[in-house]
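Structure record follows, encoded as C-alpha cells.
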Amino acid sequence: MTFDRSIRIAPSILSADFADFGREIRAIEAQGADWVHVDVMDGHFVPNLTFGPPAVKAFRKHVSTVMDVHLMIAPVDPYIDAYAEAGADILTAHLEAGPHIHRTLQAIRGAGMKAGVALNPGTPAESVAHLLDLADLVCVMTVNPGFGGQKFLDMTGKVRALRRMIGDRPIHIEIDGGVDPVTAPLVAAAGADVLVAGSAVFRGGSVDNPAPYGDNIRAIRAAAEGARAD
Ligand code: DX5
Ligand code: ZN
C-alpha cells in the first residue's frame, strides 16, 4: 500500500478560545479538521508560553482524530514520557532545540508515538538528511515560531528539496505558519501534505457559530488540492 499523501488540514488551537478548548476541538473536528495541532511553548525556546502536559492530557479527551503536538521547548527529552502519557499521537521536536535531535527522535518513537522534526526558517532541508529513517513527519516552519497570525515566509524551495529527499519514504511534510487559501497552493505544489492553520481556520467563527471554521477549512483544502502536482 502506498503512503497516503492526501492533503490534511490541522487547525492550530493556538487560535482557539483558551477558556474553551474542549468545545473548540470538538467544533473544528465536526467542521472537517483532519488533525488537531497543539502548540506547546515554553517562554525559553520561543518568546511565548502556552500549556504543558496536564493541559494536553485534558485536550486528548476531546480529540477523536489525531493529536499532533508541536513542541517549541528546550530541552525536549525530559518531557517525552509526559507527552506520551498525555496521549500525543505525533510528537514533533525542533532540530534547533538541542544538540541531540537524533536521540530525541529515537526516544519519541521508543515512547510509542510518531516522531516529527521541525525546522526553523533559517535551517536548511539538508540538516535532516541523516534523520529521515527516524522521522514520520518533517515540519517546515513558514514563520519564526512563537506566535499565530504572522506573515507567511516562502519556504517552497526547502519543501521541494525535502520532497525529493523523502522520495517513497512514509514521511509527511507539514507546513506551519501563515497558511491560508493564498499560501496553501504554493506549499502543496511543492510537495507538502499536512497544512497547519490557526488564524485562517478560526477567523470569523466561534464555538457558538462554528460554520465559518468549516468554510475556512474547505477553502484551504480546495486551494491546496487544486495545486497538487500528483
Ligand atoms: C507558530 C505555531 C503555529 C501557529 C500557526 O509558532 O507553531 O502552529 O499557531 O498560526 P497561523 O496559522 O495563525 O500562522
Ligand atoms: Zn505549530
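Glycine too: its Cβ is placed from the backbone N, Cα and C atoms.
A TrEMBL annotation is a machine prediction, not a hand-curated record.
Among the candidates H70, H130, the one that TrEMBL lists alongside H37, D39, D176 as binding divalent metal cation is H70. The substrate site recorded in TrEMBL includes H70, G146, F147, G148, G149, D176, G177, G178, G198, S199, and the single candidate from S6, S12 that the record places there is S12. Neighbour density for G146 (substrate binding site): within 10 A of its CB lie 18 other CB atoms from the protein chains shown. Note on the binding-site residues G148, G178: the fewest other CB atoms within 10 A surround the CB of G148. It is 10 Å from the Cα atom of G148 (substrate binding site) to that of D39 (divalent metal cation binding site). For S199 (substrate binding site), the same-chain residues 6+ apart in sequence whose C-beta sits under 8 angstroms from its C-beta are S15, G148, G149, D180.
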